[in-house]
Each structure stands twice: as C-alpha cells, then as structure tokens.
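Feature annotation from TrEMBL assigns domain 'Major facilitator superfamily (MFS) profile' to 13-406. The annotation transmembrane segment is assigned in TrEMBL to 21-41, 53-74, 81-101, 107-128, 149-170, 176-195, 226-252, 264-283, 295-313, 319-341, 353-377, 383-401.
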C-alpha cells in the first residue's frame, strides 16, 4: 500500500457504516420533532407567550450558526466519530438542561440549554453529512437523498410520539429526559460503526492536493462553494416557507367565511408536501445515478417553480393540490445534493459542508419571517409566489453542482 493510500473497506463494513449514518439522520430528526411537538406544553409550563418562545428558538438557532462557522476547524482536527460523540453530548446535554429548566420553570436556563443543544446539533449535522458523503463516494452510488429521507421519517415518528404523549396527558419531563439520554446512546452506538480513523485521514490526504491541512475557513471564499450555498439557500427557503406558511395559505387563500377550506385541510396539505418531498428523497438517488445530478436537479427546480405557480395562481383548492405535490417533489433534492456537491473534493470537505449548511439554515430561519411581513401586505399565496424568482436564478446556476471530475472529462472531450 502506498503512503497515505486509504485502506480498503470491505462491503460488509461499508454497509454497516451506511446503516449507522441512516440511523444518525433518523435519530436527529426524531429528537428535534419530539422537542418541537411539545412546544405548546413548554409554553404553558414556563408561562410564556409566543414572542418569548421565539427568543428561546433563536437561542437554539444562534448556537447552530456558531457551530457551523466553527465546524470546518472541528472536522479538520477530529475524525467524524469523535465529532459525532462530542456533538451528540452537547445536543442531548443541552436538551437535558432544557427539560429540567422547563420542569422547574427557569426561562433563562431553558435558553442556555437550547443554545448548547444548537451547538451540538450542528456538529452532529456536519459529521453525519460528511460521513454520508464518504460512504456515497465509496459505494459509487447516490445515497445522500435517502439519508435526508431518514431525517424526514424521524421527524414524522417524533411528531407522532409527541402527539401521542400529549393526547394521553403524559407529563413533559420524564419522557423528554429519557429520550434525550437514549438519543445520546444511539448516536454513540452509531459512531462506533463510522469509517475507521485511518481511512478518513488517509482519504483526505490521498484525494487532496497535498498532505498539508487546508485552512478550514478558506471555504467561505471559494466561488463554487458559495454558489452551491446559494442553491441550497434557495431550497431551504422554499422548504421552510412550506412548513411555516403552506397550511395558513390554504386556509386563508381560497375563500373566506364558510367558503374557506377547513383547518384540517391545511394540515393535510402540509402532509402532502412532506410526502412528496420524502418520496423524491427516497427514490431520487437512483434517478441521479441514471440521468445525472444536474439533469434531475433541473427537473426538481422546474417542478418546484411549477408547483409554486399553480399554488399561487390556482382559482380553487382542488387545483392547488397538484401544485402542493409538485412543490414538495421539487423541494426534495437540492439540499442533500448540495451536501454531496460540497464534498466532491474530499480535502476540506467538512468546511465546505459547514458553509453550505450555514447558508441553508440561515435561509430556513430568516426567510419565513420575512415572507410573513410580505404576506401581511399581500396575502400568503402572493408572498409565496415571490419564491419563484430565486428558484429561476438557482436553475441557471445548477451546472456548478456537476462533480469536478465530470467537468474535467467534458472539457477534455471538447478540447479533443
């Protein structure tokens, strides 16, 4: 074996690693939904209003963004298994602090706990996406969309559990603390199946330009990374807008009074969106392997644009249903494939993933509130139509998502 050549990974080891990454995504989605699903009860226990709850959520968002800024340095100094364990400890530990603070009625301590949980979640997020990209490269097939589908399945499972606990009036603290501990144990178990440290170090050096460590903050100045980040930013904005405004847009946008759709149709519409998005993520990898990353992403962008136009302009809810499904299908692949594209070059891949994720999460957090201000003046459906503009721009930027090796081969064919 040549120096710095990655050791050969057997298929059985690779499959175990893949399954562990699947479980990591599921656990993260599950625990986040367990928290989000009990927010109404948390507000009651802390005796706070929606503005104060918003501040608590901003504490978690602030922790997430700070961790994403530092994630490049973290992944360049620690292997993924260590990052996952450390991030998992902060994530679960922060949620434990939050659960206890809610139980004892401490609003400031709840904010501190959510800040710590946000730090940990972003560290876990970068670690699992980076590990997924390495497994994807070794398997020579696209799995990143299905990884994100497992996150979506985790959120569904967590939301259902939270609803069940709420329905039977089980107190908040005991199950929440138990789930936080079990999540940490699950993440630690997953880390034991991540790729060996000698592989990840050798692979980065072998595939990179040199044996020297790259500057983890240099990724913020790379044009390709920033363009990928813009595409992911747009996708996150479109996805976040659906979660925050789709249900309200259905209820208020197709009539008033007795003619308005029932509130349960708003919830059903969001379920249709999530079903479409999860389905595309589950099957999208095979489509990408067959037809190419850029071609399928173009199809998704067109579906997203078409879906938003139908939803925003449809004269009736029955027609808008088609738009909602297209919107969900079109929102599915840009974020996970942005993670894949950011890690096409293994050297400094963790830093690039952190940049792309930071742009995406900032958009998901800040975009929907801005849309809310616009919706106050124009109506929800009209405000959502504005998302078509960044989608069109992203459509023309999609060639940057092409793997560098494909670009080089294409250039050689043209020059030849």
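Residue numbers in this text run from 1 along the chain shown.
Glycine is no exception: its Cβ is also placed from the backbone N, Cα and C atoms.
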- Note on the structure: Given the transmembrane segment (81-101), its same-chain partners at Cβ distance under 8 Å and 6+ residues beyond its ends are 24, 28, 31, 35, 63, 67, 74-75, 107, 109-110, 112-128, 131, 172-173, 176-177, 180-181, 183-184, 187-188, 190-192, 194, 197
- Averaging the pLDDT values of the domain 'Major facilitator superfamily (MFS) profile' (13-406) gives 88
- Do the transmembrane segment (295-313) and the transmembrane segment (383-401) come together with 3 or more C-beta pairs under 8 Å, pairs six or more apart in sequence? yes
- Does the transmembrane segment (264-283) reach the transmembrane segment (149-170), going by 3 or more CB pairs under 8 Å (6 or more apart in sequence)? yes
- Please give the sequence-distant neighbours of the transmembrane segment (319-341): residues at least 6 beyond its ends with Cβ less than 8 Å from one of its Cβ atoms. 129, 132-133, 136, 142, 144-145, 147-148, 228-229, 231-232, 234-236, 238-239, 242, 246, 250, 254, 269, 272-281, 284, 288, 293, 296-297, 300-312, 353, 356-357, 360, 394, 400-401, 403
- Task: Return yes if the transmembrane segment (21-41) and the transmembrane segment (149-170) have at least 3 CB pairs under 8 Å (sequence gap of 6 or more), otherwise no.
- Result: yes
- Message: Give the nonlocal contacts of the transmembrane segment (353-377) in its own chain as ranges (CB under 8 Å, at least six residues past its ends).
- Response: 61, 64-65, 68-69, 71-72, 75, 122, 125-126, 129-130, 133, 219-220, 222, 225-226, 228-230, 232-237, 239-241, 243-245, 335, 338-339, 341-343, 383-384, 386-387
- Message: Checking distant contacts: for the transmembrane segment (226-252), what same-chain residues at least six beyond its ends satisfy Cβ-Cβ under 8 A?
- Response: 220, 260-263, 265-267, 269-270, 273, 277, 304, 308, 311, 317, 320, 324, 327-328, 330-331, 334-335, 338, 341-342, 352, 355-365, 367-368, 371-372, 375, 379-381, 383-384, 387, 390-391, 393-394, 397-398, 400-401
